[in-house]
Amino acid sequence: MIAPSILSADFARLADELAAIEGADWVHVDVMDNHFVPNLTLGLPIVQSLLKVTDIPMDCHLMIENPERWAPGYAEAGAYNVTFHAEATDNPIAVARDIRAAGAKAGLSVKPNTPIEPYLEILREFDTLLVMSVEPGFGGQSFIAHVLDKAKQVRRLVDAGELRLVVEIDGGINMDTIEQAAEAGVDCFVAGSAVYGTPDPAATVEVLRQKAIAVDAALSQRRTQSPPQ
Ligand code: DX5
Ligand code: ZN
(Lines of atoms letter the chains of each structure in order from A and count residues from 1; the text may use other names and numbers.)
(Lines give C-alpha, C1' and ligand atoms only; values in the text may rest on other atoms or scores of the structure.)
(Ligands and ions follow the chains in the order given, each with its own letter.)
Protein backbone atom coordinates (compact mmCIF):
# COMPACT_ATOMS: atom_id res chain seq x y z
CA MET A 1 0.00 0.00 0.00
CA ILE A 2 1.13 3.54 -0.76
CA ALA A 3 0.08 6.36 1.56
CA PRO A 4 1.01 9.80 0.22
CA SER A 5 1.59 12.35 2.98
CA ILE A 6 -0.14 15.67 2.41
CA LEU A 7 2.52 17.34 4.55
CA SER A 8 4.29 17.99 1.24
CA ALA A 9 1.12 19.15 -0.53
CA ASP A 10 0.00 22.74 -1.08
CA PHE A 11 -2.04 23.52 2.07
CA ALA A 12 -4.01 26.21 0.23
CA ARG A 13 -5.34 23.61 -2.24
CA LEU A 14 -5.80 20.48 -0.13
CA ALA A 15 -8.95 19.23 -1.88
CA ASP A 16 -7.18 19.40 -5.26
CA GLU A 17 -4.12 17.77 -3.77
CA LEU A 18 -6.25 14.85 -2.56
CA ALA A 19 -7.75 14.52 -6.03
CA ALA A 20 -4.21 14.41 -7.43
CA ILE A 21 -3.44 11.14 -5.65
CA GLU A 22 -6.36 9.14 -6.97
CA GLY A 23 -5.53 5.44 -6.64
CA ALA A 24 -3.54 5.85 -3.42
CA ASP A 25 -4.37 3.24 -0.80
CA TRP A 26 -4.40 5.58 2.18
CA VAL A 27 -3.89 9.31 2.52
CA HIS A 28 -1.48 10.09 5.35
CA VAL A 29 -2.28 13.19 7.39
CA ASP A 30 0.40 14.44 9.78
CA VAL A 31 -1.00 16.13 12.87
CA MET A 32 1.72 18.01 14.79
CA ASP A 33 1.21 20.06 17.95
CA ASN A 34 4.52 21.91 18.31
CA HIS A 35 5.03 20.10 21.64
CA PHE A 36 5.66 16.46 20.82
CA VAL A 37 7.51 17.64 17.71
CA PRO A 38 8.98 21.08 16.92
CA ASN A 39 6.45 21.82 14.18
CA LEU A 40 2.78 22.69 13.87
CA THR A 41 0.49 21.50 11.09
CA LEU A 42 -3.24 20.92 11.34
CA GLY A 43 -5.84 19.41 13.62
CA LEU A 44 -9.29 17.95 13.84
CA PRO A 45 -11.32 20.70 12.07
CA ILE A 46 -9.20 20.39 8.93
CA VAL A 47 -9.29 16.59 9.09
CA GLN A 48 -13.10 16.77 9.31
CA SER A 49 -13.18 18.96 6.20
CA LEU A 50 -10.78 16.72 4.32
CA LEU A 51 -12.88 13.66 5.12
CA LYS A 52 -15.79 15.30 3.28
CA VAL A 53 -13.86 15.65 0.04
CA THR A 54 -12.14 12.28 -0.34
CA ASP A 55 -13.01 8.60 -0.37
CA ILE A 56 -9.40 7.55 0.17
CA PRO A 57 -9.10 5.94 3.62
CA MET A 58 -7.47 8.47 5.92
CA ASP A 59 -4.42 7.56 7.96
CA CYS A 60 -3.99 10.14 10.72
CA HIS A 61 -0.51 10.24 12.22
CA LEU A 62 -0.74 12.07 15.51
CA MET A 63 2.60 13.57 16.53
CA ILE A 64 1.08 15.10 19.62
CA GLU A 65 1.24 15.00 23.38
CA ASN A 66 -1.70 13.65 25.31
CA PRO A 67 -3.10 11.34 22.62
CA GLU A 68 -5.56 9.96 25.20
CA ARG A 69 -7.32 13.30 25.02
CA TRP A 70 -7.29 13.81 21.23
CA ALA A 71 -6.97 10.51 19.37
CA PRO A 72 -10.56 9.23 19.74
CA GLY A 73 -11.90 12.42 18.09
CA TYR A 74 -10.10 11.55 14.86
CA ALA A 75 -11.65 8.10 14.92
CA GLU A 76 -15.12 9.53 15.58
CA ALA A 77 -14.63 11.95 12.70
CA GLY A 78 -14.21 9.00 10.33
CA ALA A 79 -10.47 8.49 9.94
CA TYR A 80 -9.73 4.94 8.81
CA ASN A 81 -6.58 4.55 10.90
CA VAL A 82 -5.44 6.66 13.84
CA THR A 83 -1.80 6.31 14.88
CA PHE A 84 -0.25 7.90 17.95
CA HIS A 85 3.27 7.74 19.38
CA ALA A 86 4.44 5.22 21.94
CA GLU A 87 6.67 7.95 23.41
CA ALA A 88 3.67 10.23 24.03
CA THR A 89 1.69 8.20 26.53
CA ASP A 90 2.04 5.90 29.52
CA ASN A 91 -1.07 4.00 28.60
CA PRO A 92 -0.95 3.02 24.94
CA ILE A 93 -3.39 0.13 25.41
CA ALA A 94 -6.13 2.43 26.71
CA VAL A 95 -5.64 4.83 23.80
CA ALA A 96 -5.75 1.96 21.29
CA ARG A 97 -8.95 0.62 22.83
CA ASP A 98 -10.57 4.06 22.73
CA ILE A 99 -9.64 4.48 19.06
CA ARG A 100 -11.05 1.08 18.18
CA ALA A 101 -14.19 1.71 20.21
CA ALA A 102 -14.68 4.91 18.23
CA GLY A 103 -14.60 2.91 15.00
CA ALA A 104 -11.09 3.27 13.57
CA LYS A 105 -8.04 1.07 13.24
CA ALA A 106 -5.46 1.82 15.91
CA GLY A 107 -1.80 2.42 15.14
CA LEU A 108 1.30 2.69 17.30
CA SER A 109 4.29 4.67 16.08
CA VAL A 110 7.88 4.53 17.26
CA LYS A 111 10.57 7.12 16.61
CA PRO A 112 13.83 5.92 14.96
CA ASN A 113 15.67 5.37 18.25
CA THR A 114 12.79 3.89 20.21
CA PRO A 115 13.25 0.13 20.63
CA ILE A 116 10.35 -2.10 19.71
CA GLU A 117 10.93 -4.83 22.31
CA PRO A 118 9.02 -3.11 25.15
CA TYR A 119 5.96 -2.88 22.88
CA LEU A 120 5.90 -6.33 21.29
CA GLU A 121 3.56 -7.66 23.97
CA ILE A 122 0.96 -4.94 23.42
CA LEU A 123 0.99 -4.96 19.62
CA ARG A 124 -1.96 -7.35 19.62
CA GLU A 125 -4.03 -4.33 20.67
CA PHE A 126 -3.10 -2.57 17.42
CA ASP A 127 -3.90 -2.81 13.72
CA THR A 128 -0.89 -0.85 12.51
CA LEU A 129 2.73 -0.36 13.53
CA LEU A 130 4.21 2.83 12.09
CA VAL A 131 7.99 2.65 12.08
CA MET A 132 9.44 6.15 11.75
CA SER A 133 12.41 6.24 9.38
CA VAL A 134 13.15 9.93 10.08
CA GLU A 135 12.82 12.01 13.24
CA PRO A 136 9.18 13.07 13.22
CA GLY A 137 8.46 16.72 12.52
CA PHE A 138 9.42 17.49 8.96
CA GLY A 139 9.13 16.13 5.44
CA GLY A 140 12.02 15.82 3.04
CA GLN A 141 14.56 14.22 5.41
CA SER A 142 16.89 11.31 4.60
CA PHE A 143 15.87 7.72 5.22
CA ILE A 144 17.34 6.10 8.38
CA ALA A 145 17.99 2.51 7.38
CA HIS A 146 18.63 0.96 10.80
CA VAL A 147 14.91 1.17 11.64
CA LEU A 148 14.34 -1.65 9.17
CA ASP A 149 15.48 -4.10 11.85
CA LYS A 150 12.27 -3.25 13.74
CA ALA A 151 10.17 -3.79 10.63
CA LYS A 152 11.84 -7.17 10.04
CA GLN A 153 11.32 -8.25 13.63
CA VAL A 154 7.62 -7.48 13.57
CA ARG A 155 7.22 -8.92 10.06
CA ARG A 156 8.52 -12.26 11.40
CA LEU A 157 5.89 -12.24 14.15
CA VAL A 158 3.17 -11.43 11.61
CA ASP A 159 4.34 -14.17 9.27
CA ALA A 160 4.42 -16.62 12.18
CA GLY A 161 0.78 -15.79 12.92
CA GLU A 162 1.61 -14.28 16.31
CA LEU A 163 0.45 -10.80 15.32
CA ARG A 164 -1.95 -9.37 12.79
CA LEU A 165 -1.02 -5.87 11.77
CA VAL A 166 0.01 -3.62 8.95
CA VAL A 167 3.69 -2.70 9.09
CA GLU A 168 3.95 0.88 7.88
CA ILE A 169 7.03 3.03 7.36
CA ASP A 170 7.24 6.82 7.32
CA GLY A 171 10.04 9.14 6.32
CA GLY A 172 12.45 9.38 3.42
CA ILE A 173 10.61 6.83 1.27
CA ASN A 174 11.27 7.44 -2.41
CA MET A 175 12.23 5.64 -5.62
CA ASP A 176 15.64 4.78 -4.16
CA THR A 177 14.61 3.61 -0.68
CA ILE A 178 11.25 1.88 -1.13
CA GLU A 179 12.81 -1.40 -2.23
CA GLN A 180 14.90 -1.89 0.90
CA ALA A 181 11.81 -1.20 3.01
CA ALA A 182 9.78 -3.69 0.97
CA GLU A 183 12.57 -6.22 1.38
CA ALA A 184 12.27 -5.80 5.16
CA GLY A 185 8.60 -6.76 4.95
CA VAL A 186 6.89 -3.36 5.13
CA ASP A 187 3.26 -3.41 3.90
CA CYS A 188 2.48 0.30 3.73
CA PHE A 189 4.78 3.08 2.57
CA VAL A 190 4.23 6.72 3.46
CA ALA A 191 5.73 9.12 0.95
CA GLY A 192 5.43 12.90 1.10
CA SER A 193 8.01 14.78 -0.90
CA ALA A 194 8.60 11.83 -3.24
CA VAL A 195 4.93 11.99 -4.32
CA TYR A 196 4.00 15.66 -4.10
CA GLY A 197 7.38 16.81 -5.39
CA THR A 198 6.59 15.29 -8.77
CA PRO A 199 4.40 16.75 -11.54
CA ASP A 200 2.05 13.73 -11.60
CA PRO A 201 1.55 12.49 -8.02
CA ALA A 202 -0.88 9.71 -9.00
CA ALA A 203 1.58 8.32 -11.55
CA THR A 204 4.35 8.43 -8.94
CA VAL A 205 2.17 6.49 -6.51
CA GLU A 206 1.79 3.80 -9.15
CA VAL A 207 5.54 3.63 -9.87
CA LEU A 208 6.28 3.32 -6.14
CA ARG A 209 3.65 0.61 -5.80
CA GLN A 210 5.07 -1.37 -8.71
CA LYS A 211 8.54 -1.23 -7.16
CA ALA A 212 7.20 -2.62 -3.87
CA ILE A 213 5.16 -5.28 -5.66
CA ALA A 214 8.22 -6.42 -7.62
CA VAL A 215 10.19 -6.89 -4.39
CA ASP A 216 7.28 -8.74 -2.82
CA ALA A 217 7.02 -11.08 -5.81
CA ALA A 218 10.76 -11.82 -5.62
CA LEU A 219 10.45 -12.53 -1.88
CA SER A 220 7.55 -14.94 -2.42
CA GLN A 221 9.46 -16.71 -5.15
CA ARG A 222 12.48 -17.08 -2.89
CA ARG A 223 10.23 -18.51 -0.17
CA THR A 224 8.74 -21.11 -2.52
CA GLN A 225 12.14 -22.12 -3.78
CA SER A 226 13.58 -22.66 -0.31
CA PRO A 227 10.81 -23.58 2.11
CA PRO A 228 11.68 -23.07 5.79
CA GLN A 229 13.17 -26.16 7.47
C1 DX5 B 1 7.36 13.42 9.27
C2 DX5 B 1 6.02 12.91 8.81
C3 DX5 B 1 6.03 12.28 7.50
C4 DX5 B 1 6.46 13.16 6.35
C5 DX5 B 1 7.25 12.29 5.43
O6 DX5 B 1 7.29 13.69 10.63
O7 DX5 B 1 5.50 11.98 9.73
O8 DX5 B 1 4.77 11.68 7.20
O9 DX5 B 1 5.42 13.73 5.64
O10 DX5 B 1 7.79 13.09 4.44
P11 DX5 B 1 8.86 12.51 3.40
O12 DX5 B 1 8.20 11.38 2.68
O13 DX5 B 1 9.15 13.68 2.54
O14 DX5 B 1 10.04 12.05 4.20
ZN1 ZN C 1 3.72 10.87 9.14
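In case you wondered, yes, glycine gets a Cβ from its N, Cα and C as well.
No curator has checked TrEMBL annotations; they are predicted automatically.
According to TrEMBL, the residue from Asp170, Asp176, Asp187, Asp200 that belongs to the divalent metal cation site alongside His28, Asp30, His61 is Asp170. Binding of substrate is attributed by TrEMBL to His61, Gly137, Phe138, Gly139, Gly140, Asp170, Gly171, Gly172, Gly192, Ser193, and the same site annotation extends, among Ser5, Ser226, to Ser5. When the Cα positions of Ser5, His61, Gly137, Phe138, Gly139, Gly140, Asp170, Gly171, Gly172, Gly192, Ser193 are compared pair by pair, the longest gap among these substrate-binding residues is 17 Å. The 6 Å Cβ screen around ligand 2 retains Asp30, His61, Asp170 from the recorded positions Asp30, His61, Gly139, Asp170, Ser193, ordered by sequence position. Distance between Cα atoms for Gly137 (substrate binding site) and Asp30 (active site, proton acceptor): 9 Å, as a whole number. Cβ crowding, taken as the number of other Cβ atoms within 10 Å, peaks at Gly172 among the binding-site residues Gly137, Gly139, Gly172.
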